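Notes follow once the structure below has been shown.
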Amino acid sequence: MTAQPQRIGFLLWPATRALTLSLAEEALRAARRLHPEALYEPLFLLAEAPAEEEGWRLPGTAWNGRLEQCSRLFLVADEAPAAVSPALGLALKQLARSGAAIGALSAGIYPLAQLGLLDGYRAAVHWRWHDDFTERFPKVIATNHLFEWDRDRMTACGGMAVLDLLLALLSRDHGAELAGAVSEELVVERIREGNERQRIPLKNRLGSSHPKLTQAVLLMEANIEEPLTTDEIAQHVCVSRRQLERIFKQYLNRVPSQYYLELRLNRARQMLMQTSKSIIQIGLSCGFSSGPHFSSAYRNFFGVTPREDRNQRRGGSAFETTFTPVERG
């Protein structure tokens, strides 16, 4: 008698990117190719009306009446949906009450949290919107891990962590050997554990492994609200001020104070896009003594005031945080 495939549902919101979906789908397809008993059938369901995103159309059909067909269900989005429709919310809560395993990929954690279905659970939250998520959903145990599997809830922070979570699923269902085989099939160097960090090591971000530079930047990142002076940083890392300035100039092409200012401004921009805090609150949180001081520094670096930037960028994606500083001569 032929075994019935395990149907894994992917409930998609319009802003889902092809990468997020294809990582999950290909892991299941590779498992089926490599293991005759790894019978997975992806089922793509649309949470909202179809929409084209970046030249592609989401696969799938309307979710209505089909959630209960899934042995596991993942909510998938790459931008936080504004709200969950009452009918869909009711269906998801009923599914959760039935004991079904429900997960979320990338910003799919937002609708799951909005419904209270992550309260008291650990959830992996992408570092870009971690501040916003923790502010909005204090009952969720938000982590900065790649993925979390907490009882009947599975969450991946996004990006390649989606594949990491699916490999963990394969390992639980069919053993580590299959997960390893799928990893090799997809040319993945190694299988990462869920509790590994999301961000690459600081030395890779800086392009240098100079120990004094790394120590100084870590100090800056840990002291955003109450910035240290260059002399204080130099003292902490046991070099003279002139030595510290030479190191920064050599590796980062700027003096420590300029790098520190840019670090604080980028943190401020991230908070502007991802939290509902006032502009004054954000400025103070990032070490600026007054609103005018913050606004002036922000405009000099980004070319717009904090208010203008928040209004413009929230017209697009709430999670776009790549900065475009003003050209300097």
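Each residue, glycine too, has its Cβ placed from N, Cα and C.
From the options 284-306, 307-329, the stretch Swiss-Prot describes as region 'Disordered' is 307-329. Ranges compared are 143-164, 209-230, 231-252, and Swiss-Prot records DNA-binding region for 231-252. Over the DNA-binding region (231-252), the average per-residue pLDDT in this prediction is 93. Within the DNA-binding region (279-302), the DSSP-based counts of helix, strand and coil residues read 19 helix, 0 strand, 5 coil.
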